[in-house]
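Colleague: The anthranilate 1 binding site annotation in Swiss-Prot covers 80, 111 and rests on sequence analysis. The 5-phospho-alpha-D-ribose 1-diphosphate binding site annotation in Swiss-Prot covers 80, 83-84, 88, 90-93, 108-116, 120, and the record cites sequence analysis as its basis. Positions annotated as Mg(2+) 1 binding site by Swiss-Prot: 92, 225. Residues or ranges marked as anthranilate 2 binding site in Swiss-Prot: 166. Taken from Swiss-Prot, the feature Mg(2+) 2 binding site applies to 224, 225, supported by sequence analysis.
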């Protein structure tokens, strides 16, 4: 089956959903020919993955995932693809904690660092949050504190089977866009940062019609976040509609360089995050406020980004955001 699929994609022909899904099901249930599968992933990338092919990957791995059975009308995730190569501070992770100050249930899907100095799991660990909390504590955390961190390897054991192939290839493949599409919690709202414009469009095509409202973002200076230095392209999804527009940070009086939001070690990033929650105004502060504000708009908490900025600044100024972090540290205490 893998040999036939490899021949098709090498000839630059598309596979349909069923062909890819059946292939992946057989691979995940049986033996994996790593060399052939690596060649298949590389050929698929060269050809360009279609919506149907990506959807088959999502469904095959989601079926094998350990799910968190939690239903709420205001579930949201801010997980991006990562891999933009810019080495910035953990903006989406910090934003996720700010968002949990509001009437939202933030199911933050994430992993350790792959290309940056510090991944979402790394910074949260340094903030004293148990990234491998048991499911019951996750459910209680969502219900009582509006936040849970879902450590990807814990919920997606099937990905271990292909980890060696991915590592040996050393190139971006379809797997680089799967992370945000595989949250173990059912989501109604989502903001997804993409590592390039092509990935942005592919993710939008796959997510279309699957969330109440979502946005896929990529900035002109290459970030999988809303940038504080350049315009960010947004593909906003509502129902079957995709709306394209740009966010200019200058419109909100925000103007910094990429160097101003550089990320460091997990320990240093945790320190920066505490300074943000203490209200110390900096490029980091504005990056987190702007990204949080946009997520509030997407999640229908704020009517627009401007209102979202005011809400986020107020949550930080009043101390709600710092109090939220302390509550999360207590609830998700390691060994508790």
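Each residue's number is its place along the chain shown, starting with 1.
Every residue gets a Cβ built from N, Cα and C, even glycine.
I'd like these features described in context: how deep, what's nearby, how far apart.
Modeller: Of all the Cβ atoms in the protein chains shown, 27 others lie within 10 Å of the Cβ of residue 80 (anthranilate 1 binding site). Annotation note: residue 80 (anthranilate 1 binding site) sits in a coil segment as assigned by DSSP.
Long-range Cβ contacts of residue 92 (5-phospho-alpha-D-ribose 1-diphosphate binding site) within its own chain (separation 6+, distance under 8 Å): 78, 79, 80, 120, 191, 193, 225, 291.
Packing around residue 166 (anthranilate 2 binding site) is summarised by its Cβ count: 18 other Cβ atoms lie within 10 angstroms of its Cβ, all protein chains included.
When secondary structure is read from DSSP and collapsed to three states, residue 225 (Mg(2+) 1 binding site) falls in the coil class. Neighbour count (other Cβ atoms within 10 Å of the Cβ, all protein chains): 27 for residue 225 (Mg(2+) 1 binding site).
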Colleague: Counting Cβ neighbours within 10 Å across all chains shown, tell me which of the binding-site residues 88, 111 comes out on top.
Modeller: 88
Colleague: Can you tell which of the binding-site residues 88, 111, 112 lies nearest to residue 224 (Mg(2+) 2 binding site) in space, using Cα positions?
Modeller: 88
Colleague: Within 10 Å of the Cβ of residue 224 (Mg(2+) 2 binding site), how many other Cβ atoms can you find? Include all protein chains, please.
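Modeller: Neighbour count, Cβ to Cβ under the 10 Å cut-off: 29.
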Colleague: A 10 Å Cβ contact count, applied to the binding-site residues 109, 112: which residue has the minimum?
Modeller: 112
Colleague: If one measures from the C-alpha of residue 111 (anthranilate 1 binding site) to the C-alpha of residue 166 (anthranilate 2 binding site), what distance in angstrom results, rounded to a whole number?
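Modeller: Pair distance, Cα basis, whole Å: 16 Å.
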